[in-house]
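Data block below; observations after.
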Amino acid sequence: MKITGLTTYRVPPRWMFLKIETDAGITGWGEPVVEGRARTVETAVHELSEYLVGRDPAHINDLWHTMYRGGFYRGGPILMSAIAGIDQALWDIKGKALGVPVYELLGGLVRERMKTYSWVGGDRPHDVVDGIAARREAGFDTFKMNGTDDLGMIDSARKIAETVKRVAHIRETFGDAIEFGLDFHGRVSTPMAKVLLRELEPLRPLFVEEPVLPEHADAYRRLADQTSIPIAAGERMFSRFDFRRVFEQGGLAIAQPDLSHAGGITECVRIAAMAEAYDIALAPHCPLGPVALAACLQVDFVAHNAVLQEQSMGIHYNRGGEVLDYVVNRADFAIVDGWIKPLPKPGLGVEIDEARVIAASRDAPDWRNPVWRHPDGSIAEW
Ligand SMILES: [Mg+2]
């Protein structure tokens, strides 16, 4: 079998799908994207296609290393997201060619079903209690929300109190019937993270995500030494080499590689195994579309330390497109009481509605995250 071509489709709300075709008539789908930089990743995918067209798609390991090592410069969100989507599509082709789901090729299932959680609230964490109540009706008992508004490097007691009050209100309303993680989204400086973790600890969040920016990951150890709240991070780490430094420094309880950013299935299986060796749980990041979610699930179902899967059905970003809009086999993605079953179809297990993808790609908007500023006019982390 030989790869004959790569086609990319940028689609609403902010995703990109990749179709890899072969001379055997088997087609694989991937989702290479960085939110807000889709066109940049698209260019990278097409540059990397020089290494792929005419090659046997079965040689995933060699193609992966060719893309990673062949160009001298490597790593980072753009290149690793391009590789990630290509890698997903290659696994999809291999599974379809052999007639089995990808998890069968990775050694088979370690669990019967995977726990998922639901996002509530928007960019700024308001109306989360109403959001939780609505999602509980759909069966979810585990949630994630943004933990804070924008926060200055040294901010006020009032801002801290607002955050604590909001989280306390969630515990008061739902008691121990739900679990929730708080995403600090890299908005919080190390000194403010110390204060917030101490104040939030009695409210028992399931985890705090990106308590500080990944650039300051060396602070995770110090933060973990002063709090019992599990620290989660990883959506802005792009390879096992990035994760290795953080694992060695210590402090991380939950690794959150993104299957569309960290080199795809091939690399994230390695990251999962490395995390297991450090007694770190796995919870793949996935605020993206159905191919990314299908790729995450392939890893969840073979990784012993996978504990939670993010999924973006109903997330605030999904304006103009929902996760299952582009999927033919929607029933396979049914989430019952927060649990999802292994996708039964060969390859990644997602049948893409190609006509719908092509139609949606015609007027795809360029999604951008908002740019926030502090009251003094300086740039704020979003
Ligand atoms: Mg996050």
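Backbone N, Cα and C define each Cβ position, glycine as well.
All annotation found in TrEMBL is predicted automatically rather than curated by experts.
Remember, predicted model here, so these are calculated numbers, not experimental data.
Quick look at what TrEMBL lists:
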- H185: active site, proton donor/acceptor (ACT_SITE)
- H285: active site, proton donor/acceptor (ACT_SITE)
- D183, E209, E235: Mg(2+) binding site (BINDING)
- D258: site 'Increases basicity of active site His' (SITE)
- E310: site 'Transition state stabilizer' (SITE)
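Positions of TrEMBL features highlighted on the structure.
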| residue | record | CB count, 10 Å |
| --- | --- | --- |
| D183 | Mg(2+) binding site | 22 |
| H185 | active site, proton donor/acceptor | 20 |
| E209 | Mg(2+) binding site | 26 |
| E235 | Mg(2+) binding site | 23 |
| D258 | site 'Increases basicity of active site His' | 29 |
| H285 | active site, proton donor/acceptor | 24 |
| E310 | site 'Transition state stabilizer' | 23 |
Report the residues of the chain - excluding D183, E209, E235 - with C-beta within 8 Å of the mean position of the site's C-beta atoms, for the recorded Mg(2+) site, in sequence order.
K144, G181, F184, H185, E210, A232, A233, Q256, H285
Under a three-state reading of DSSP, tell me whether H185 (active site, proton donor/acceptor) is helix, strand or coil.
coil
Are any of D183, H185, E209, E235, H285 (the recorded positions) within 10 Å of D258 (site 'Increases basicity of active site His') when you go C-alpha to C-alpha, and if so which?
E235, H285
Which recorded positions sit within 10 Å of H285 (active site, proton donor/acceptor) - Cα, from D183, H185, E310:
E310
In DSSP terms, helix, strand or coil for H285 (active site, proton donor/acceptor)?
strand
